[in-house]
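Peer 1: Can you keep this structure in mind? I'll have questions shortly.
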Amino acid sequence: ACAVPPLVGWSRYIPEGMQCSCGVDYYTRAEGFNNESFVIYMFICHFLIPLTVVFFCYGRLLCAVKEAAAAQQESETTQRAEREVTRMVVIMVIAFLVCWLPYAGVAWWIFTHQGSEFGPVFMTLPAFFAKSSSIYNPLIYIC
């Protein structure tokens, strides 16, 4: 559902970075593409809201785990589980930020600095991190 709007005329996809992948058109401010509204929608709905949900949900999870551990202070197993969950939550949040903050930041910079010069690597590395984000969840949960 997130990828459909450019396919039906709200913004468009164009080659990005080193021209080896496609992404949303952050560059064009032509009347017919409605890019401004789409970029703002993408930034809010696909970065700020997920970031808020990640912090809220993982924060609540940590509070629940700490309460359970406090209720069973003498249990080494519970204390170890609390440490493991805390470590996993911190790694998940950092991984989310490492993957998506550069992409969202560079895309927003490109959008707000129309006409500025930048090299192809400027968008390629953040796009690589964002597109590789689908592999970090299983790796973090397994390790």
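Yeah, the Cβs are placed from backbone N, Cα and C, and that goes for glycine too.
So TrEMBL lists the following for this protein:
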type	residues	note
DOMAIN	1-141	domain 'G-protein coupled receptors family 1 profile'
BINDING	E36, Q114	Zn(2+) binding site
TRANSMEM	38-58	transmembrane segment
TRANSMEM	89-111	transmembrane segment
MOD_RES	K131	N6-(retinylidene)lysine
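Set these features in their place in the structure for me.
Peer 2: Its Cβ taken as reference, Q114 (Zn(2+) binding site) is surrounded by 10 other Cβ atoms within 10 Å in the chains shown.
Listed as Cβ neighbours of the transmembrane segment (38-58) (distance under 8 Å, sequence separation of 6 or more from its ends, same chain) are residues 2, 5-6, 10-11, 24, 26, 89, 92-93, 96, 100, 104, 107-108, 111.
In the three-state DSSP classification, K131 (N6-(retinylidene)lysine) falls within a helix. If you take the C-beta of K131 (N6-(retinylidene)lysine) and look for same-chain residues 6 or more apart in sequence within under 8 angstroms, you find S21.
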Peer 1: Can you count the other CB atoms that lie within 10 A of the CB of E36 (Zn(2+) binding site)?
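Peer 2: Result for E36 (Zn(2+) binding site): 12 other Cβ atoms within 10 Å.
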